[in-house]
Amino acid sequence: MTGGPRDPAGRVWVRAVLVAMPLILFAIVGVLAPVLAPADPTANDLAAGLLPPSPEHVLGTDQLGRDQLSRLLYGAQISLAVTSAVLAVSLTAGAAIGAVAGYLGGWADRVVSRVIDVVVSLPGMLVALAVIGVRGPGVENLVLALSLWSWAPYARIARARVAGMRGSPHLDALRLLGAGRGRVIGRHLLPPALAPCLVYASTDVGTIVLGVATLSFLGLGVAPPHAEWGQMLIEGRPFLASAWWLAYPPGIAITAVVFASNLLGERLAAGEERPSVLRMVRPGRARSGQTPEPARAAVTAEPPAPIPPGSAHGSPEHQTVLLVRDLSVSYPDRGERRRVVAGMSYEVRPGQILALVGETGSGKTTAALAPFGLLDPDARVTGSAVLGTGPGARQLVGPAPGERRQINGRRVGVVFQDSAAVLNPLRTIGAHVDEAVRNAGRGGRRAATRRVSEELLRLAGLPDPAAVARASPHQLSGGMRQRAQIAMALAGEPELLVADEPTSALDVTVQAQLLAVLARLRDELAMSMVIVSHDLAVVARLADSVAVMYAGRIVESGPLAAVINNCDHPYTRGLLDAVPRPGTAPGTRFRTMPGQAGTGPDDAEGCGFAPRCPLATAACVHEPPALETLVRAAHRSACLHHPGRPAAAGGRGADSC
Amino acid sequence: MLEIVGVTAGHGGGGRDVTPVIEDVTIRVAAGEIVGLVGESGCGKTTLARVVTGLHRPSAGVVRVAGVDVHALRGRDLRAHRRQIQMVFQDPYLTLSPRQTVRQALAEPLRIHRVGDARSRSARVRELLDLVGLDPQVGERRPARLSGGQRQRVAIARALALEPRLLICDEPVTALDVSVQAKVLNLLCDLRDRLEFGCLFITHDLAVVSQLADRIAVMRCGRIVEQGPTRDITAHPVHPYTRALLAATPIMDTGISAADPRD
């Protein structure tokens with residue numbers, strides 16, 4: 001099937017309904033058979049036996065002169081009735097048994113699981129034959145026989161779903177609210193477990209219709225003279241050559257229902273699962289896949305000079321490790337491109353740490369990773385990002401993948417927030433660092449490589465590198481794993497280290513140690529870094545300069561002390577006010593910003609912060625403010641009002657933070 | 001309001017604890033008081049919360065809420081008593097049923113305890129939304145369509161629906177952005193002032209409780225190493241671990257807020 005995964009949920013369901021049309025038709029025909037049928041399906045008329053299709057009998061008559069169309073329609077009714085009954089019984093019983101077993105756990109769960117395993121592994125038709133053999137044919141026995149083997153998959157699905165939710169805090173929360181077991185299972189566990197059961201049921205319809213027809217075909221289901229599709233097939237079999245209209249219509253009807261139900265099941269399952277699977281796969285492609293066409297087009301548009309002219313900081317005394325100018329990142333969104341980062345300019349100087357600070361959705365991680373091709377392949381990066389100065393300078397926006405490999409891991413090292421996800425659980429830490437060393441071209445013989453690796457681990461602040469190198473990731477604490485990641489990033493002796501929330505998942509004491517490691521790397525190796533963080537307090541401990549981001553743009557940037565002590569932008573002010581400070585009287589209220597964080601740089605025509613800003617005027621809403629230099633050259637702020645700028649006559653800082 | 005006296009608990013359950021996770025913990029929370037419980041991951045904070053709320057049985061010690069031993073109650077009495085203690089979890093996305101609208105989630109505790117009829121319940125839901133500063137329209141949304149701060153507000157509103165006398169907050173603002181965190185903490189302070197419930201606020205973040213709590217208890221490896229009024233703990237910590245924790249906590253120490261001329 002095509003399409004699907006990227007569609008909004010609504011369209012998936014419209015398509016599902018379209019795919020379900022044959023089944024809906026089947027249900028309507030089944031229900032309305034007595035109205036639609038032109039004749040009594042059991043009325044014999046031996047004089048009119050075996051008539052070919054004619055206007056009077058659209059599908060002809062059988063050997064007893066019964067109208068085939070009427071029999072086909074009534075057959076649908078019986079199929080529908082039996083199938084509904086079987087589904088109702090097996091779904092209800094299966095889901096209930098599974099949900100209870102999953103909720104209770106322990107021996108009850110083990111017993112039920114084994115029973116389910118046994119029933120699922122039995123050939124269904126054999127079970128049905130055995131039941132009917134004991135109890136004899138007939139509609140009720142047919143329902144019983146088919147239900148006996150079709151309940152198990154529902155029980156298995158429901159059990160898995162419920163068992164997965166059993167430890168979830170929301171059940172604890174419900175128990176604390178005083179909900180009893182019955183309510184927890186019935187109202188909170190069963191409904192979500194039913195959804196996948198219903199998806200499975202849509203496929204099961206076909207299986208059951210086929211089962212009913214098969215058993216009737218064998219003479220074990222619906223007894224003659226009732227019209228049933230399997231029954232009609234067996235009755236038409238002797239006349240396959242002479243009277244084709246007897247066997248073909250019921251055969252086609254059965255095939256159609258089975259196909260339709262499989263198609264519907266497939267579509268529903270796709271609607272439920274495919275997008276999430278794709279989401280997991282796509283970031284992987286980002287690293288191995290090719291650069292998307294638009295990004296390459298952007299490169300050709302770049303001026304050949306490594307440092308764009310007109311930059312205020314191009315003068316020789318301002319050497320930069322990373323010079324980013326007018327960086328924008330956009331993603332496709334419903335046929336258009338939506339920018340998430342717009343017009344970012346920042347620079348990292350040798351031996352300095354730049355912190356990109358912002359809240360969730362401000363685009364800080366995207367802005368930090370974009371120059372290094374670490375975003376989803378859908379991302380389009382424009383602007384300029386130059387690594388280094390002089391003859392070694394490299395334009396980072398949009399080089400070929402091969403060139404990228406010469407930069408990432410060698411000239412630039414990257415550290416991610418979640419070290420558990422970055423490290424392969426099946427390989428030792430030493431193997432990870434060795435690989436990084438070899439990728440950086442510093443590998444030699446195995447022992448030599450390992451010596452380099454251990455030196456790197458020591459550099460990253462791990463006291464016993466040999467032992468750490470032999471350990472698997474899960475044997476290390478979060479702080480040690482994060483240091484191992486830093487060691488990997490250092491393998492290429494990079495000029496620049498990019499760290500995305502490197503300490504956010506750690507305890508404060510561990511966090512403090514890791515911050516000390518990063519500070520030492522800067523102080524002793526003159527390492528330059530870009531640190532992405534949401535935590536102003538962390539940034540205040542580590543960074544030399546800060547760029548505060550809001551809704552995909554830098555709103556204020558400058559040296560740490562200037563931004564923290566003399567902030568200008570109202571958003572920076574609000575962010576600083578929200579940081580808790582020991583020493584204030586308990587219960588002191590925070591000063592807060594109204595409204596919710598903006599989501600993108602293009603959501604508002606003017607200043608993105610204007611809707612929440614206490615200083616906003618009409619001008620703010622229409623005019624996007626530029627980053628303007630304040631008192632000192634390096635301190636810039638994108639606010640029309642500049643509340644932090646000292647008045648011409650007033651003392652410095654009187655009206656500042 | 002809450003008395004935790006000499007509580008020891010661990011895994012193994014049913015009083016046959018193999019390894020105690022918390023040992024000999026004693027904390028008292030008065031009505032209208034916020035007590036901060038600070039500790040690093042794995043120190044037993046969450047186990048203590050589960051013991052206090054009755055989800056986990058201690059092997060020794062007593063937990064009394066409003067004078068009643070929580071673990072001596074069974075069945076109907078226990079459920080009735082649970083109205084007194086409510087909990088706010090770290091991740092409201094996990095604790096709110098994804099299929100329920102906010103309105104349904106808020107009415108749920110009222111329905112469980114058969115409080116009022118449909119009309120009075122829906123009035124109470126409106127009241128709760130108003131209490132936590134949410135727009136009435138938010139009531140029709142499901143958790144997936146709420147922001148993190150809104151979700152935590154809903155979780156707080158739901159916990160307060162039955163007018164509990166004790167609120168246990170387990171890292172309620174850890175997953176939130178700092179500006180949203182500030183709003184939620186303000187809300188908690190306001191609600192405490194209005195409703196006079198006692199609150200045990202569990203967090204790893206000393207900075208947060210030092211501005212929020214009246215008293216602080218510092219936990220390490222399952223034991224309370226130091227507790228006392230917030231000012232004493234933050235200004236004159238006695239235990240070396242408390243000092244280490246304070247030293248490690250990143251604090252905006254550039255002297256900005258204390259000398260704010262606009263205050």
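From the backbone N, Cα and C atoms, a Cβ is placed for every residue, glycine too.
Note on TrEMBL: of A:52-72, A:283-303, A:577-597, the range annotated with the feature region 'Disordered' is A:283-303. Counted as Cβ pairs under 8 Å, contacts with the transmembrane segment (A:243-264) are highest for A:197-223 among A:12-37, A:115-136, A:197-223. Across A:12-37, A:78-103, A:115-136, stretch A:78-103 shows the highest tally of CB pairs under 8 A with the transmembrane segment (A:197-223).
Here the domain 'ABC transporter' (A:324-576) returns a mean pLDDT of 88 for the predicted model.
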